[in-house]
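Trainee: This structure is in structure tokens; I'll ask about it shortly.
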Amino acid sequence: MEKLVIQGGTPLEGDVVIGGAKNAVLPLLAATLLADGKMTIKNVPRLRDVYTTIKLLEGMGVTVEVDDDFNITTDASTINSYVAPYELVKTMRASILVLGPTLARYGESEVSLPGGCAIGSRPVNIHLSGLEAMGADITVHEGFIRARAKRLRGARYVMEKVTVTGTENLLMAAVLAEGTTILENSAREPEVTDLADCLNAMGAKISGAGTSTITVEGVERLKGIEYSVCPDRIETGTFLAGAAITGGHVRTLKADPAALDSVLQKFRDAGAYVQTGADWIDLDMRGRTLKAVDITTDPYPGFPTDMQAQFMAMNAFSQGIGVVVETIFENRMMHVAELMRMGANIRLEGNTAIVAGMPDLYGAPVMATDLRASASLILAGLAANGKTVVDRIYHTDRGYEKIEERLQHLGANIERVNT
Ligand code: EPU
């Protein structure tokens, strides 16, 4: 089992190049199912979830080529199956993203119903009822979602909750539907906008992406293109949090500051000196005092749930008391108990954590329970006194490419061991 061993106490210093966004590349790879001809996705991060998506597409018969720079070229003309099997869906819930495009393009799709996961029950009812509103015939049988439609029809559909992958699935279905689709209460996340930009470049007619009302005029076909994935805003925020928590100075390159407004504001509130350029963010914490901040997660442009655990770790080392409220997922506080093993002073009341900052935490063996929880434990380990061993780092590898190498480059004392 691979683990990360961290000797804490070294301030992070230096530059780090940000990769393509995990939560953008997964829908973009699903969108390649819609293309006539070959399609190439560039700036792809080498992540476990990307390899899983490649496996998923190949299992459907799609031809996938990966070059030395990890650009991924697909050709969906060889598709011979419309099934996303349980073995893959259980390891990556985002497999549900093939449902919309496969149904829209090929008239049928079968996707294993994702179960609950470590952070919550995460139903997909909105994905399904949105497709039904577009005329799909959907049944759930023996753990599989089976969807059929000769051709989807445009519809006006109000999502009862803001859902990121739900919006993406319905968007990918609507682009080939007959007539106009209006998606109300859409997610406004930058990854949704990135998908819409890509679909438009393929020939789709989408307007309003990035707002809560997205309008789609269906077209007959989409062409294959080359498209480069947007920067990962959560990876960016995580490295900046590394500088903040260790009292260091980090510049993230090839980043998108505009996608991080709410997060950068919180870093400033926490006492960091933050500067931005067109595609870089610089956070300097040297000689400054880390102050606790209150956080309430919200859909974009609110504070992202995917940065909640990292700010929890920062608060644990800060001066003062910070209240962290998780509103998106019902069970995304598993890192709290692990941080407390390192000496953090946190009281958990349901989905609210009251964190009283401590001057020092000490290293301990801890266990990652999900991707962002693993990030918060690594951050805590970087700032704690002594040795922290983070177990179950397969969660980390789902969303952070070569995390230990990039942290070593910033001066961290961290290594991956196999025991
Ligand atoms: N929801 C429903 N019904 C649905 C869909 C969602 O009730 O049909 C609920 C969920 O249970 C949740 C809320 O709506 O309470 C929002 O969930 P959402 O659907 O937006 O989450 P998601 O699309 O499954 C994506 C990211 C997550 C990120 C969330 C929120 C991808 C592949 N995943 O998940 O990323 O936390 O949006 O921003 O885009 C991560 O990267 O660590 C991660 C978990």
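Even glycines carry a Cβ here, placed using N, Cα and C.
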Trainee: Per TrEMBL, what member of Ile72, Ile281, Ile328 joins Arg93, Asp306 in binding UDP-N-acetyl-alpha-D-glucosamine at one site?
Mentor: Ile328
Trainee: In this structure, which of the recorded positions Cys117, Ile328 has the fewest other Cβ atoms within 10 Å of its Cβ?
Mentor: Cys117
Trainee: Just the number: how many Å between the Cα atoms of Asp306 (UDP-N-acetyl-alpha-D-glucosamine binding site) and Cys117 (active site, proton donor)?
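Mentor: Asp306 (UDP-N-acetyl-alpha-D-glucosamine binding site) to Cys117 (active site, proton donor), Cα-Cα distance: 15 Å.
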Trainee: Lys22, Arg93: which of these binding-site residues has the sparsest Cβ neighbourhood within 10 Å?
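Mentor: Candidates: the binding-site residues Lys22, Arg93. Fewest Cβ atoms within 10 Å: Arg93.
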Trainee: Let's check the environment of Asn23 (phosphoenolpyruvate binding site): how many other CB atoms sit within 10 Å of its CB?
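Mentor: So the Cβ neighbour count for Asn23 (phosphoenolpyruvate binding site) comes to 24.
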